[in-house]
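Following: one structure in structure tokens, then a few remarks.
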Amino acid sequence: MEQAHTKTTEECLAYFGVNENTGLSLDQVKKNFDKFGPNELPAEEGKSLWELVAEQFEDLLVRILLLAAIISFVLAWFEEGEETVTAFVEPFVILLILIANAVVGVWQERNAEDAIEALKEYEPEMGKVYRSDRKSVQRIKARELVPGDIVEVAVGDKVPADIRLISIKSTTLRIDQSILTGESVSVIKHTEVVPDTRAVNQDKKNMLFSGTNVGAGKAVGVVIATGPNTEIGKIRDEMAATEQEKTPLQQKLDEFGEQLSKVISLICVAVWLINIGHFNDPIHGGSWIKGAIYYFKIAVALAVAAIPEGLPAVITTCLALGTRRMAKKNAIVRSLPSVETLGCTSVICSDKTGTLTTNQMSVCRMFVIDKVEGDVTSLNEFTITGSTYAPEGDVQKNDKNVKAGQYDGLVELATICALCNDSSLDFNESKGVFEKVGEATETALTTLVEKMNVFNTDVKSLSKVERANACNSVIKQLMKKEFTLEFSRDRKSMSVYCIPAKASRAAVGNKMFVKGAPEGVIDRCNYVRVGTTRVPLTSAIKDKILSVVKEWGTGRDTLRCLALATRDTPPKREDMVLDEATRFIEYETDLTFVGCVGMLDPPRKEVMGSIQLCREAGIRVIMITGDNKGTAIAICRRIGIFGEDDDVSGRAFTGREFDDLPPAEQREACKRASCFARVEPAHKSKIVEFLQSFDEITAMTGDGVNDAPALKKAEIGIAMGSGTAVAKTASEMVLADDNFSTIVAAVEEGRAIYNNMKQFIRYLISSNVGEVVCIFLTAALGLPEALIPVQLLWVNLVTDGLPATALGFNPPDLDIMDRPPRSPKEPLISGWLFFRYMAIGGYVGAATVGAAAWWFMYADDGPNVTFYQLSHFMQCTEDNPDFEGHECEIFESPVPMTMALSVLVTIEMCNALNSLSENQSLIRMPPWSNFWLLGSICLSMSLHFLILYVEPLPMIFKLTPLNVEQWFIVLKMSFPVILLDELLKFVARNYLEG
């Protein structure tokens, strides 16, 4: 049923053809069940494991590697002799890499789908329903409820479906609907019509929503929506419809992969074509097919050389290390790639309650009446420090600390706060914090009494558990609470009836203490308290009191004000009818006004500094809240989102005002605004969409079920540690301490991680460029193979992987939070950098080929062939006069390969040192600025020695141990790469950067 909140109860009952007392007939139940289905959220149609695995192989680079593995497997099948073992190592290793990558990918995808399942925990198990087959109420499974059912709910129940209230069977009905609307206090419901067809869920006071909790009272209503049609069901649909976007880094790596795969394909084809003339060379036994297969192998080697197989593992490791560092700062990261996205966050949309504020109501101002002379009324105004529930803070008058017990008015005010109150403080020993037990507003009064300590109780020697309610207990020993007149909407107040405790023997009679909305309470006051006397309330005094209340309620702080009053001579208990709430207002008359307190949910202390940090880092902060606009703007001013005197027109909107704008202006509003109040979940998603259309990278915080769709849609969803499981599973990050400042620390960490990733991605890619150049040169010049696929895999995975991982530990730049966020479109490798890699890669390739050629042509223990003989080695036969005096076997010696591989590895170690900083010289950033890197270089070299000197590894890798002279040549050929890169850095620093 649509718009049920705008219909009368009779219209709702008539719509479903149901009688309030008997409920639906079994025929109607069956018909509605067939029509609307069970009252549960449909299970998420997740992808099957097979589909998830298949998805991991959609990446082009992965497919090229897979193809390379299949080809080398087929070729290995036809090998004979001792080659066979080596031949099978390569396809086996490639497959292992692919499997490992797929496992990580599938695991992350699986995590993403848990969010929708977590909604299930808000589904109630049972419901209490009236149906015509039984006289009394019956308990049935909640999934069997249908629209039209008459349902009963009572305190402690979870609301089983969306319900339109028909009648309330208690004084009040309070519902905690914070999971759905984000309201920090429970809401009082009624049964009257809410005529506004565009009311937000917060304003539908005659509706109960599925999954919310009944805090107090008992009521009967008619089910108007079940399952997917409920408000919580709509949230599920929205989440299911939200596609996860790829992070900026993932998009870049995808683009890079596509370009790389095109380049690889071109080079492979080119190598093949260049050598078509050699297919018939004698070395292949004159068989054209064998020649084709030989060059096919080289093409496979090229593919393996060009793909940085170690990259996914190194990225995952770096992100995982980043998440550990963030966890120490209270930011728990749930999805690894989002660590890097945090670094380019340009807008943070933050919830107000609990994130920017403490979500601990606290009284910050109060007044009692000082004196009344004729028409002139003077007040004693006080401010109170401390912004949490901890009973620590001072009472100040004119910025000087005062003792509250010296003011008679404050003693009575404290008495009312302590007695007219059902809440208390509790010290949670495991968390080490003071927490509320009961309503936030009342707990603020309890805390106020502790701070005032009007009877000078000795609290210094008490433990924290005893301290929590020490001063309140003293007051409760003087007066005993007999009964409470519950709060009701019509009178907007509550009261308690108290009698003096026997022990106190005080000369006071019975009293009624009242607290409530100032306008309503003052209307029922006939007197005001001045010191210990009471003075008749004149219109001048009343105007003075109301003007201060209005100023507090609408001024800079927009405080929530409560008036406190006493009925000095209440009626006798036996004359009061306590089961008729409508008569309570008669007993709360002839009151004496005592004072007024103003409270707010205060901003966290550290938030102001964080917002300043965001401003310097070029990040915009937008506050989004379900609270009203006045309160929201006041908090924005207090924390520095708005200046004290800023004009906020066009910069702060309510959800309704935002909806009233045409789409073009809504777009503009999202560009300018810094505050959205009275917002529904759908607005949050809309705001994220508009921000994304300006290419902003948005972080969105939330804690309720209602926030889940927006959390899922934003690039970075941030849930609160104290929030609902749904919010946590829909988000990328969870704040363990619910603190806004933690987000800013996480953004800083994200920026540092991205800078380091850029360094090691570039490092790994320059290594691959070198390998490709090496293979291309040997093939183009017709030289013997310098590197084979097994060796390339070893270098890419192991020897390069270790320093690359260590580069993730580079210390962050000092000015990292003074720069604007990087654009997500900024390429990983710009034009100049591309040239640098080509230059370095070209040198790496030339040096490796050079090392192999050196052994053939110049080494003392080498064959000393000429360059012509080397480049035509394929035509070597015993009867070819060009090769007289040389055995053809020398061209298959493992020494030149070992030389080439050693040069490659050593150059890569030098390159790792070059990567310590993008443009800083090694003189400015010495190697010991990153000890992890030095350690990993030593480890990589040790592993290289391992495959040269420890049997049977040299056989598998087709290598042989080198002597001292050969190592000398290796070092001579490797070190110039440092000089070359220093030169390129010098050019970048002095001619390109400014």
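Every residue gets a Cβ built from N, Cα and C, even glycine.
The model shown is predicted, which means the values in this text are computed figures rather than measured ones.
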Membrane side match, K290 / R989, Swiss-Prot record: no
74-94, 725-745, 788-808, 956-976 - the range that Swiss-Prot marks as region 'Interaction with PLN': 788-808
Swiss-Prot annotation, disulfide partner among C888, C910 for C876: C888
Shortest C-alpha distance to T799 (Ca(2+) 2 binding site) - which of the recorded positions D351, C876, C888: C888
Whole-number mean of pLDDT values that fall within the topological domain 'Cytoplasmic' (809-828): 80
For the region 'Interaction with PLN' (932-943), sequence-distant contacts whose Cβ falls under 8 Å of one of its Cβ atoms, 6 or more beyond its ends: 798-800, 802-803, 805-807, 809-810, 905-906, 908-909, 912-913, 916
Shell list (Ca(2+) 2; ref centroid = CB of N768, E771, T799, D800, E908; cutoff 8 A): L764, S767, G770, L792, V795, N796, L904, V905
Three-state composition of the region 'Interaction with PLN' (932-943), taking helix and strand from DSSP: 12 helix, 0 strand, 0 coil
Residue numbers, six or more beyond the limits of the region 'Interaction with PLN' (788-808), whose CB comes under 8 Å of its CB atoms: 68, 72, 86, 89-90, 93-94, 97, 300-301, 304-305, 307-311, 313-314, 317-318, 321-322, 753, 756-757, 759-760, 763-764, 767-768, 771, 897, 901, 904-905, 908-909, 912, 915-916, 930, 932-933, 935-937, 939-940, 943-944, 947, 956-959
Tertiary contacts of the topological domain 'Lumenal' (950-964), as residues 6+ beyond its ends and Cβ separation under 8 Å: 82, 85-86, 89, 788, 790-791, 794, 861, 894-895, 897-899, 901-902, 970
Alpha-carbon distance [E771 (Ca(2+) 2 binding site); C876 (disulfide bond)] in Å: 27
CB contacts for E771 (Ca(2+) 2 binding site) [other CB atoms within 10 A, all chains]: 29
Proximal residue to D351 (active site, 4-aspartylphosphate intermediate) among binding-site residues N768, E771, D800 (C-alpha distance): D800
